[in-house]
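Trainee: Pasting a structure below so you can have a look.
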Amino acid sequence: MTFGTVLLLSVLASYHGFNLDVEEPTIFQEDAGGFGQSVVQFGGSRLVVGAPLEVVAANQTGRLYDCAAATGMCQPIPLHIRPEAVNMSLGLTLAASTNGSRLLACGPTLHRVCGENSYSKGSCLLLGSRWEIIQTVPDATPECPHQEMDIVFLIDGSGSIDQNDFNQMKGFVQAVMGQFEGTDTLFALMQYSNLLKIHFTFTQFRTSPSQQSLVDPIVQLKGLTFTATGILTVVTQLFHHKNGARKSAKKILIVITDGQKYKDPLEYSDVIPQAEKAGIIRYAIGVGHAFQGPTARQELNTISSAPPQDHVFKVDNFAALGSIQKQLQEKIYAVEGTQSRASSSFQHEMSQEGFSTALTMDGLFLGAVGSFSWSGGAFLYPPNMSPTFINMSQENVDMRDSYLGYSTELALWKGVQNLVLGAPRYQHTGKAVIFTQVSRQWRKKAEVTGTQIGSYFGASLCSVDVDSDGSTDLILIGAPHYYEQTRGGQVSVCPLPRGRVQWQCDAVLRGEQGHPWGRFGAALTVLGDVNEDKLIDVAIGAPGEQENRGAVYLFHGASESGISPSHSQRIASSQLSPRLQYFGQALSGGQDLTQDGLMDLAVGARGQVLLLRSLPVLKVGVAMRFSPVEVAKAVYRCWEEKPSALEAGDATVCLTIQKSSLDQLGDIQSSVRFDLALDPGRLTSRAIFNETKNPTLTRRKTLGLGIHCETLKLLLPDCVEDVVSPIILHLNFSLVREPIPSPQNLRPVLAVGSQDLFTASLPFEKNCGQDGLCEGDLGVTLSFSGLQTLTVGSSLELNVIVTVWNAGEDSYGTVVSLYYPAGLSHRRVSGAQKQPHQSALRLACETVPTEDEGLRSSRCSVNHPIFHEGSNGTFIVTFDVSYKATLGDRMLMRASASSENNKASSSKATFQLELPVKYAVYTMISRQEESTKYFNFATSDEKKMKEAEHRYRVNNLSQRDLAISINFWVPVLLNGVAVWDVVMEAPSQSLPCVSERKPPQHSDFLTQISRSPMLDCSIADCLQFRCDVPSFSVQEELDFTLKGNLSFGWVRETLQKKVLVVSVAEITFDTSVYSQLPGQEAFMRAQMEMVLEEDEVYNAIPIIMGSSVGALLLLALITATLYKLGFFKRHYKEMLEDKPEDTATFSGDDFSCVAPNVPLS
C-alpha cells in the first residue's frame, strides 16, 4: 500500500438528529376565539389559520386568517357568509389541495332550528387562491325535516268526573291541538266509559274548516271506566287508513283518565302488546288523587310507553292540566330526535358535515359524524354530480355512536383512490375503516380496531408515502386518549393492506414518559424529507404534555419499518415560549413557506400558530493518509537507552463539505470542529503530535463548501514495544452551534446516517529479512530448580524455571504453553533477572481449559506482541500442589513454544521433564498409660508369675489412606530362662498379625546389663510381631496390646536388684511411595519400660542387742556424772523445815520454783 485513504460521512449535529429550528420560530398571534385550532399550509407561501370560536356577527361564528410567512402578520379573510349559516364555527376544519390552488374550510356546527329542535348539519366553503368562493357544500341550507304525526286523544268520560272537570279537559285538548298548528299533524278523539264514542277521525280533522270546533260539541258519556277496551278500539279502528291514519306518520296516543279501570272485560295484557306491535307511542295523564297508591301508579306505567318517566304525567286536578301542556308538547316534538326500537329516526339531521375533510380532484370528502344517530359516515361531493353517502350500512354492523368520519384521509395505491375514515367511539375502543370504490359504490375494504376502551383510536389519521413513489405505504392512526401509567396517547403504524389480507398494525409510536395525559397523537401530519435521506418524515402533536403546554415530536422515515420507532426530536412548548398552551393541537407540513428550499412545519396552539423551519443539511467527507505509509524500524527500535522523540511521519487530514439539502442558501460558511486522538483507549500513546507534544489535537475553523486539507507531523516519544498493532488515529467531527449568515440565522446539521468518528491506521515496518517472510525459531526448556523429588502434602509449591529463546526473525504473539497434571494449579509467574542489553520480559499467564479432565494447561504470552530476534528470557512459574493430588510415582510436565509465525516442525519448540513423586504422610504410634509399669518381688517369688501388658495406639493423621505395617519386639527368654509369656491382642480379628522368634544381638548379657540394667532384644531372645494394615484410613485409630505372664526367676541371672523390661513398637511403610512429614519421624517408633525390683530381707536381732547394750552404757555414764556433782547429797529435810507451812520454796544456783497453796484431798 503506497497511499492509505478511507472516506467517511461523519456526523455529530449541534443538536444531534434535530432537523427543526427552535431558536427563531415565526409566531403568528391573533386575539380571536379558537385561533390556532386548525392550520393548513396553502399556496406555497402562506398559512390559513382557523378561528372557529370567533363571534363575527350575530348568529355567525368562525373566521379564517391569511398569515404570510414573509411578514409574520395575519389578516382576516373576507368572506360572504349566507345568513342562514347560523353559528357554523367556520374554520374548525381546513384542507388544501396538493397544487395549492383550492382551500376547503368547513363549519360542521351550522344550526337550523326546526320547531322545538335544533339541527346541526354543517357547511363547507371551497375557496380559490384569491379567496373567492368556488362552491358551497351542501349547496343550500337543508330544510327542516318533514315529520308526519297522527295523534289520538282517548279521554275518560266516566261518571266519576263532574261536568266542570270534563270541560277543563276539553279545553286542554284544544290547547294541545293549537300548539301543533303549522305542522303536518292530524288529530282524532275518542271518549270512553263503559261506552265508546269516536267524536272525530283523522279524516274529519283534515276536512273540518274549524278544527277547534270539533271539540266543543263533545258531551260526557257517564258510566264505568273501560280503559283497556278503549285502547284496543283506538289501535284497531282509529289508527286505520279508513279513518285517515297515514302509514308514514308517527302514531301517538294520549290517554287522559281520573282513575283505574273498573269492570273492564279486557286486561292491559290483552291490548298493550297490540299497541306496541303497531308502533304507537303512548302518553298517560293521570288526574286526581286516585293515583297516589302504588297500584294506580303502576296502571299508568302499564298504559304508557317505556320509559315511564318520559311518558307519564300526573296532576292533582283537571285545572292543573295546563301546567303540563308545554311538557307534553316538548315530549312529542322530541319524538323526532329519538330512536325507536326498530330503527334510527335520525338520518342526517345531526350529521355535522365537514367535521373532517379531504380534498381531491375528483371531489370533496366530508366526514359526517352525526349521521344516523351518530353512527357516522362521509359524503362525497363529485363535481356537478349528486353527493354520495359512504357508511357501514351494508356491512350489517352496529355502528351506533361510533362517530365514523371523525377523521378522514385518502390513500392511493397504484392510482386507485381509497378513503380511510376513523370511528373513535366504535364499541368504546375505536376503529379505522378503508373504503374503496367497486362498481361506482363505496364498499369496505379493510378495518382495524383499537385495543383499549376510551383510547379514541381513529381520532386522527395520516396517509404516508414513505418512499415518494406515488402509492401510500402506511396509515398512521392516532389514539390520543390511550392510557399508560407514565404516558398518554399512542400512534399505530399500519401498513396499507395489499389485496384481501387482514389489516394489521405493525408498530406503535409513543411519546416520552412522564406525561400520562399528553394526548400524543391528537394531530398528525406529513412533514416531508427534512433530513434528506429520501424518506418522508412525520410530525405528531401531543398538546396535553406538561400540563397542557404541549409538545411536538418528529419521527424520521425508515426503509424497513416505514417509520423509525423512536423520535429524533421533541420540541417542547417551553423551548419556544413560556406562555404557550395546547402546542401541537394542529399540524401542517410538507411545503416550503419561507422560500429557502427547506420544508416548514406549522404548529397550532391556543391563540397562536408557530412556523418552524427545517435546517440545512450538510454532508462531510473525511479522508486521512500517512507519509510514509509505515513507521521505519530505525525509528521505533531501541534497547536500554531512552531515545529522543523521533519523527514517525506526517498525517494529512482532508474534509470535503457539500450540501445534501436542495436549499436556496448558496455557499454555506459553517463553523466546524474536529478532534484528533492518537492511540485512543491506550494508557500510554505510542505517538504524539509535534504541535501539541501530546496525543490529542483540536481544530475549530469556519469552512465553506469544498475540500480542506491540513498536514500534521507525528513523533514517537519513547521505545515502542507493540509494533504489531498499528498506531490508530481517530477523528471526531461536529458542527459548532453558530448561525450561518442566512435569513434568520439558520444553523446547519449533518446528514442523517453519517458517523461522527473516523479511524485511520499507521502500521510499523516489520523485521522480516530480505525475503520479506517473517519466521521465528523458538526454543524452550524446563527445570525444577534442583528439586529431586516432589513430595505431595509436604511441598506446597512447585517452582518451574522456563527458558525461552528466539533464534529466528521477530516472533509475533509468542506463547509458551505448559501442560501439567490436574493436581497442580497455576499460581503466579515471576521474571528472572534480565540479561544485559535486554529489557525485562513482559509476561501474562492464564489457565486455559483442556479436553482431558486429568490435564491442565497454562498459556504465558512472552513479550507480546513481538519477541524480537535473538531474544531469550527465563521466568519462573509457580504452581500450588494440592495435598490431595494423585500424581503417580512420576510427574510429567510438558512445554511448547508457539507464535503466529514460528518455523514449522521445530523440535526445540517442545520440551518435557519428569520428576519423581512421593506422598507425605503423618503416622504416629504411642504407648498408653494403662500399661503395666512396675513390679516388686521377693526372692521367695522367683518361681511365681504375674500378668503384665503393654498397650500401644497407632494413629493416621495424614490426609490420605496408606498401607502400613506395625512391628512389635518383646523380650521373652534370657539365657534360656523364660521372661514373658506374651501374646498379641489386635484390634480386629480380620487384622492379620504374625510372630517370629529373634535371637539376641549380644551373647554376653551380663556385661551389657551391668552397663544399663535394661532387658531388651539386644541381650534377650525376642518375639517379633508384625501386623499388616492394607488400608489405614485418614484419622483412623488402632489399639494393640502385648499381654502375658511375667516371670521373675531370670532376674537372679542378671545380678541386678532392679531391671527394666523394654518392648518396642515401630511403624513401617513403602518409603518409595510415602514419606513421613519432615520432623515427625520420631513418632513412628515407641517403647514401653516396665520396672522389676527385688525386695531385700533384713536380720533384726543384732540390731536389737547392740541397741540395748549401748543404752545401758549410756545410763551408767549419766549416773556417774550426777554423783560427782553431788546430786545425791542435797539436804532435803532441812529445806523443808525452813519453809512456811503452806509454802515450800526450792532454791538453787540455777533456778527457783514457788508452789501454790493447794488444798489436799
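Keep in mind that glycine also has a Cβ here, set from the backbone N, Cα and C atoms.
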Trainee: Which one of these stretches, 211-215, 381-385, 1126-1130, shows up in Swiss-Prot as motif 'GFFKR motif'?
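Mentor: Comparing 211-215, 381-385, 1126-1130 with Swiss-Prot, motif 'GFFKR motif' matches 1126-1130.
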Trainee: Among Cys709, Cys719, which cysteine is annotated in Swiss-Prot as forming a disulphide with Cys654?
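Mentor: If we follow Swiss-Prot, the cysteine bonded to Cys654 turns out to be Cys709.
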Trainee: Just to be sure I understand, if DSSP states are collapsed into helix, strand and coil, how many residues of the repeat 'FG-GAP 4' (391-442) fall in each?
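Mentor: Residue counts for the repeat 'FG-GAP 4' (391-442) by secondary structure: 6 helix, 27 strand, 19 coil.
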Trainee: The repeat 'FG-GAP 4' (391-442): mean pLDDT?
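Mentor: Mean pLDDT for the repeat 'FG-GAP 4' (391-442): 90.
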Trainee: Look up Cys774 (disulfide bond) in the DSSP assignment and report helix, strand or coil.
Mentor: coil
Trainee: 10 Å Cβ neighbour count around Cys860 (disulfide bond)?
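Mentor: There are 22 of them.
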Trainee: Using a 10 Å radius around each Cβ and all protein chains in view, which of these disulfide-bonded residues has the most neighbours: Cys106, Cys768, Cys774, Cys1022, Cys1027?
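Mentor: When each Cβ's neighbours within 10 Å are tallied, Cys106 tops the list.
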Trainee: Which has the fewest other CB atoms in a 10 Å radius around its CB: Asp465, Asp473, Asp529, Asp537, the listed binding-site residues?
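Mentor: Each of the binding-site residues Asp465, Asp473, Asp529, Asp537 was scored by Cβ atoms within 10 Å; lowest is Asp465.
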Trainee: Which residue, out of the binding-site residues Asp467, Asp533, shows the minimum number of other Cβ atoms inside 10 Å of its Cβ in this structure?
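Mentor: The binding-site residues Asp467, Asp533 were compared, and Asp467 has the fewest Cβ atoms within 10 Å.
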Trainee: Considering Cα atoms only, can you say which of Cys106, Cys124, Cys845 is the nearest neighbour of Asp537 (Ca(2+) 2 binding site) among these disulfide-bonded residues?
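Mentor: Result for Asp537 (Ca(2+) 2 binding site): the nearest of the disulfide-bonded residues is Cys106.
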Trainee: Return the member of Asp469, Asp533, Cys845 nearest to Cys993 (disulfide bond) in space, with distance defined Cα to Cα and candidates limited to these recorded positions.
Mentor: Cys845
Trainee: Round to a whole number and give the Cα-to-Cα distance in Å for the pair Cys106 (disulfide bond) and Cys709 (disulfide bond).
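Mentor: Just about 59 Å between their Cα atoms.
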Trainee: A 10 Å Cβ contact count, applied to the disulfide-bonded residues Cys74, Cys124, Cys709, Cys993: which residue has the minimum?
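Mentor: Among the disulfide-bonded residues Cys74, Cys124, Cys709, Cys993, the lowest count of other Cβ atoms within 10 Å belongs to Cys709.
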Trainee: Neighbourhood of the Ca(2+) 1 site (Asp465, Asp467, Asp469, Asp473): other residues with Cβ within 8 Å of the Cβ centroid, in order?
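Mentor: Leaving out the recorded residues gives Val464, Val466, Ser468, Gly470, Ser471, Thr472, Ile536.
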